[in-house]
Each structure stands twice: as structure tokens, then as C-alpha cells.
């Protein structure tokens, strides 16, 4: 931590707190995310960090390094100054079809790259898509599941509190193909960009999880009359929102769909992507062995308060305490969310009985 200065808090996600820091020597801004040491550091955390390290794509937040603090495992990654795509939609209300396509094309390219490496995201949503600060923003996928997999593999932030992005097969509690589920979530993201609302929520009763889940299972959605989109766009959505995941459109088919191909930026063409991989030689300086060693040490619970005091300044102690408090608050929100979804699933099962 000695080489970074804290700039500000960025918020909280599935796993804890994120902060903006500046490298003291290079002045580069980075995002740092904290996971509490001890029981939360399991094989899932190790696997996902290694997975993220291997991802080198312009539409994916770049992993930089992991650092062990007295109380947390800190993950350092690229900072996207444009904020969440979610916030951009909240400000705009909804996007034009052209703008929605622009971001959807980038999302699909990033997800397709992950899938080519046999990595599924399982938590794709607007809050997990960031933007850089350029005038024509570059979309960046983030949050590759740094916490234990939940029963649904998808936990919206408490500020959203909806299972709206979750595919039917995930709700069924049976084994499912994460790639198919990612495609469904991409479809929900596209719908929200176009409409400014979730496809399977009852607009008059948005917090009714039971009703939302029933609508997801029945693929019950519609495009409001006030939203004017092309037939090609409607067709693509209808091919994504298919209950039987085996019959759902694949990423390869999406990338050949007429609506997707319209005004496709040249940097998203297959040839341009291949050139990017050859040109981009930057990677994490930490070896897999170094990362695994740090993660292994992080499995040991945080030292006692006295040990923390002897290892750092008062400012560091305050920072660690703040992170811990925010993480605990977020955990409570997640537990409450999971409880509601379990209740909704039980209702769904009782309806079938």
C-alpha cells in the first residue's frame, strides 16, 4: 500500500468496498477493491483472480496486481473514469437505438472474448459495466465474482435489489451453462438501455420478486408503445429471451445478426481484435505463483488490533476500519436480498405443486 495514495471512495459491490488510488511514482489512477481476510478468501476468489489476470481485452477492466493489507486482500485494477453504464442510463432515462447498439456491440465483444477462454461472468448487468472517460465511451466489463458464488450466481447491489437479470435456468436451481445465462443477461442489459426499465418487472409492483420471477420463467415482457425500435431489434430480443437455453441465440449468432452488424465500429471487427492482441503486450507483473502465495496468506484471519497498530500508521488503521465497516454493511444487504429471492423461489415451487 506504500506506493498508493487514497483519492476517494468509489462505492461497494458484491464483495466489499472499492476505492480510487493514485500511484505515487507514475501518478496513474487505479481502482482498488477489498476482500476481508479469512474465511471469505476461498478457492473461488483465487480462481477468479487468476481468470481476471488472463483477460486482456479493450472491453474488460484490466487486472494489475493483488496486495495484502493487515485486514484485507486488495485487488488493484484499471480505473474507468466514466462511471457505471447504469448511471448514464439513469441520467438519460433511456438510449436511442443507435446508442444502445453502440454499447451492446462492445458488451458482446467483451463477453465473447471471455467465453473463448471458457470464462463465464454470471453477473452481467449495467452496474458491472463501466465506461472510460473518452467522448465516445469505451465499455469495460468488471466484477468477475470475487466473492463466494451465491445460490443464484447473481446478486444485484442493494440499491437495485432485483433478480431482473437472472436467466430462467439459473432460477430453476438445476445445473446450467453459464454462457447461455450470460447471453440472457446481455439481452436484459439491451432492453434496459432501450426502454429504461427492466423487462420482467411489473412497473406497478417492481419490488415484488415473486412476480418478477414468474414473469422471467414465462418470458413475459413487452416493448412499451412509447418506445420505437426496429423490427430487427425486436427480433434479436425475441431470440435472446427464450426459456430453453439450448434454443437461445448464441453469441456467434448475435455477432452475425443484421441489427448487431449495423454501424459496427471497425475496432470491433475480428481482424481489429486480432491486431489488438498482438499489439497489446502489457500484462500483470505478478506471476500466477506470486498471486497464489498472496491469496494463500490472505486466508489467514486478520491479525489482532495490536498487531495492526504495530504494522502501520494511524491513517492506515482508520482506513482498514472504514473498509471493514462498509463490507459488513454490504453483507447485511446481500443476505436480505438472498432471503427475498429464496422466498420467491419457494413461492414458484409451491405454485407448481
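From the backbone N, Cα and C atoms, a Cβ is placed for every residue, glycine too.
Lifted from Swiss-Prot, the feature list:
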ACT_SITE  123  active site, proton acceptor
BINDING   10, 11, 12, 13, 14, 15, 16, 17, 18, 33  ATP binding site
COMPBIAS  302-313  compositional bias 'Polar residues'
COMPBIAS  315-336  compositional bias 'Acidic residues'
COMPBIAS  337-353  compositional bias 'Basic and acidic residues'
DOMAIN    4-260  domain 'Protein kinase'
REGION    299-353  region 'Disordered'
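Its Cβ placed at the centre, residue 10 (ATP binding site) has 16 other Cβ atoms within 10 Å. Residue 123 (active site, proton acceptor) is 15 Å away from residue 12 (ATP binding site) when you measure Cα to Cα.
Here the Cβ of residue 123 (active site, proton acceptor) has 26 other Cβ atoms within 10 Å, regardless of which shown protein chain they belong to. Within 10 Å of the C-beta of residue 18 (ATP binding site) we count 21 further C-beta atoms, all protein chains included.
Taking the C-alpha positions, the distance from residue 18 (ATP binding site) to the residue listed as 'active site, proton acceptor' comes to 17 Å. Within 10 Å of the C-beta of residue 12 (ATP binding site) there are 21 other C-beta atoms, taking all protein chains into account. Here the C-alpha separation of residue 10 (ATP binding site) and the residue listed as 'active site, proton acceptor' works out to 19 Å. Averaged over the domain 'Protein kinase' (4-260), the predicted model has a pLDDT of 88.
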